[in-house]
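Trainee: Here you go, one structure.
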Amino acid sequence: MASTGAGAVLAVVVLACALGARADGSDHKYKEGDHVPLYANKVGPFHNPSETYRYYDLPFCAPEHPKDKKEALGEVLNGDRLVDAPYELNFKEDRNSKVLCKKVLSKEQVAKLRDAVAKDYYFQMYYDDLPLWGFLGKLDKDKEQGDVKYLLFKHIHFDIMYNDNRVIEINVQTDPNVAVDITEDKEVPIEFSYSATWKKTDIPFEKRMDKYSKSSSMPQHLEIHWFSIINSCVTVLLLTGFLATILMRVLKNDFIKYSHEDESLEDQEETGWKYIHGDVFRFPKQKSVFAAIIGSGTQLLALAIFIFLLALVGVFYPYNRGALFTALVVIYALTSGIAGYTATSFYLQLEGTNWVRNLVLTGCLFCGPLFLTFCFLNTVAIAYSATAALPFGTIIVIILIWALVTSPLLVLGGIAGKNSDTEFQAPCRTTKYPREIPQLPWYRSTVPQMAMAGFLPFSAIYIELYYIFASIWGHKIYTIYSILFIVFIILIIVTAFVTVALTYFQLAVEDHQWWWRSVLCGGSTGIFIFFYCIYYYHARSDMSGFMQTSFFFGYMTCVCYGFFLMLGTVGFRASLFFVRHIYRSIKCE
């Protein structure tokens, strides 16, 4: 018990340090001539954001003893591998074309760099925690003769802006006129050089990160975001209006009809949803799996809400390296008690007996597929020698978080759920034998109902999905978390409303097996998101190669599966509330 509490506290401390502390622990104040930290991060194909390599995997000029920067958990998960860069950019010291190094590139090195130029390789560095990028070279195509030249940039110019004693902004420029031809397979002598210019600015230090978020908050983009919000709100209003005018009117007529059953209805056979009142609360098959889904879905919903809260208070500012990944790992670990409590208490309400097995299933339901996916993708990354491959030490840290925080909290939640002694609240008694479900048309079967249930919630979020994908699987910045949070709330509301409506129509045709149907219909939006992943990969991105394709579809499958569990839980909870309400409003014999 004590170790569990200590582990939870440790995780919170790790989160606070990783999210709140500066990357290098400095106050970012310098005097003229002071050394300002510059780290080279990684290189990789511009269109394959997951396929990145260490900076010195390519034959660049390197310091005599380059030191790796100590990185937080989230930075490592993000594929960052910071190392000392060879450039000396002291505070407020201009430099005019200083030679970095002279070297002769071998045929193998030339071939490696030529392949990098052909794939649009870029490099990323951090100067005083400010990110900067540049391309390694360019293709010079002769349209008349059809020849292609591979040019490698050998000079970099840094434009640095400062305010008083702080660095505010840095930009990097490469001159195509100062490049070396690496088209042929031969040894190439090269002289790498750089220059730097310092300029004064009035931009305050507190706003130096604003330039990175401007792209997502430009007027043309904001118009699209607000169009997305309006589109989603219209969907909600239409759906709400449909439920209010159609569904409630039908229910009102049902209530009136069923309340006068003593007037000439005694000799008539009951029809509609009241007819199955003895079966509607019959517990579903596969109780353990069902309860585990509800537990895992509840945890993922709590995780999403906590992440949004952190985003809204400004934790995930642009290029706060690895903050999101750290938050996901730690908050998922700390919310595992919610999954344990919800799954176990609900499983026992369903008169389940083996709650320990149910608890193990709950812990593995989402983590299991995610772990298997990670093992495969990490193996691929190791084979490619990419920075996405996690070091052994990081894997040990994640295992320790799982062993010292996630698992104990899951067990504690399960024990608390077992001792809650809550009974399932059913307004009607369940009969001993289930009624036969009448023959129904094909469109009332599970798959067509899932298609109808998933379309409306997906239509409410698909515009925003593009910007999220372009941020995760591209180089765009997404910072309008308030709009994203509104869209998320709309997604939850639409999912609940659609599932309730379909549950009513299912009960109205005397089909009492609504438990699993409500989960499948609620979670079907996750399947639509997966189909959007396929569309985005082929039509909206330029990603290619086995590694990038594996990472994209591997992790997006896990994300879509998480959405399925979360929205399936929302759909079931809304349907359960609705079914209890309508059966509590009539007399059940």
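Just so you know, glycine gets a Cβ as well, placed from its N, Cα and C.
For 1-23, the entry in TrEMBL reads signal peptide. Taken from TrEMBL, the feature transmembrane segment covers 224-247, 289-317, 323-348, 360-384, 390-412, 453-474, 480-502, 514-537, 552-579.
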Trainee: What stretch in 360-384, 390-412, 453-474, 514-537, 552-579 has the biggest tally of Cβ pairs under 8 Å against the transmembrane segment (289-317)?
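Mentor: Between the stretches 360-384, 390-412, 453-474, 514-537, 552-579, 552-579 has the largest tally.
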Trainee: Between the stretches 360-384, 390-412, 453-474, 480-502, 552-579, which one has more Cβ pairs under 8 Å with the transmembrane segment (323-348) than any other?
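Mentor: Answer, by Cβ pair count: 390-412.
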Trainee: Same chain only, please: residues at least 6 beyond the ends of the transmembrane segment (514-537) with a C-beta under 8 Å from a C-beta of the stretch. Say none if there are none.
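Mentor: For the transmembrane segment (514-537), the sequence-distant neighbours (Cβ-Cβ under 8 Å, at least 6 residues beyond its ends) are 280, 283-285, 290, 293-294, 446, 449-455, 457-458, 462, 465-466, 469, 473, 491, 495-496, 498-499, 502-503, 506-507, 543, 549, 552-553, 556-557, 559-572, 574-576, 579.
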Trainee: Do any residues of this chain, six or more beyond the ends of the transmembrane segment (224-247), have a C-beta under 8 angstroms from a C-beta of it, and if so which?
Mentor: 456, 459-461, 463-464, 467, 480, 483, 486-487, 490-491, 493-494, 497-498, 500-501, 504
Trainee: Would the transmembrane segment (360-384) count as touching the transmembrane segment (480-502), if touching means at least three Cβ pairs under 8 Å and pairs must be 6 or more apart in sequence?
Mentor: no
